[in-house]
Amino acid sequence: MMPLYQTLAELTGLVTDGAPTVLAVFLRVGAIMALLPGFGEATVPMRIRLAVTLAFTAIAAPLVTVPPLGLGGYGGEVLVGLLLGMGLRLFVLALQTAASIAAQAASLSQLIGGAGEPQPALGHLLLSAGLALAMAAGLHLRVVELIVGSYAALPAGQIPAAADIAGWGVPQVAHAFSLGFQLALPFVAGALIYNIAIGVINRAMPQLMVTMIGAPALVLGAMALLLVAAPVILTLWLGQFHTWLANPYE
């Protein structure tokens, strides 16, 4: 029986020694998971999100070194995780912004149906397709690399300064809105051409109800444009997403 007791004592010592590291990694990973595209969506059950968080923690904890932390250090881990999670979530917001602009420009707000979040249905369509594409491209592996690499750029126990957070966060938000507008450019250009054409026709034939004729043509043209442009939009979005994941600290 003595060898069994010795083995249990050794295992207990390992668990006790590694508990602070696991807790610190869990806090950072949990904060990232709260905002992570795909795994952190409101439609994903809480138990699934907790299981994924524990799985990522089990993968990352043996690969990083965490010094002894106080209460402030653990709070810093949550802050770092929220910052990285927000950087990831901004790409979802960019896709939703592009869909909102496209829906407003092309009168496609009524397409398909609602979603779990207040957004045009076109946003739900592009978001679902974008998340599926990201998952198929190995988002979970990229997130593990991001978590492990974050300890080199943002070591545990070092709380980022407010100026550094602002200097990093403001360009991230600006890039998200810029990316959203760029992705919606085909629909903006199509709406501009449509309005110019309607104006010319109305000027030439004032008695013609151009709106009655133009609205169905606009919707049909927008749906055809969506069929052609959606693969390009999603490919460009995924490329930008992977570029950010390769170096999220610029």
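Glycine is no exception: its Cβ is also placed from the backbone N, Cα and C atoms.
Curation plays no part in TrEMBL annotations; they are all automatic predictions.
Feature list (source: TrEMBL):
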- 20-39: transmembrane segment (TRANSMEM)
- 51-70: transmembrane segment (TRANSMEM)
- 90-109: transmembrane segment (TRANSMEM)
- 121-141: transmembrane segment (TRANSMEM)
- 179-201: transmembrane segment (TRANSMEM)
- 213-238: transmembrane segment (TRANSMEM)
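The transmembrane segment (20-39) makes contact with the transmembrane segment (121-141): 3 or more of their CB pairs lie within 8 A, with pairs spaced 6 or more apart in sequence.
The transmembrane segment (90-109) shares more Cβ pairs under 8 Å with 179-201 than with any other stretch in the list 51-70, 121-141, 179-201, 213-238. Looking at which of 51-70, 179-201, 213-238 has the most CB pairs under 8 Å to the transmembrane segment (121-141), the answer is the stretch 213-238.
Residues 18, 20-22, 24-26, 29-30, 33, 39, 76-77, 143-144, 147-148, 151, 156-157 of the same chain lie 6 or more positions beyond the ends of the transmembrane segment (51-70) yet place their CB under 8 Å from a CB of it.
Sequence-distant contacts of the transmembrane segment (179-201) (same chain, six or more residues past either end, CB-CB distance under 8 Å): 91, 93-99, 101-102, 105-106, 208, 210-211, 214, 217-218, 221-222, 225, 229, 233, 236-237, 240.
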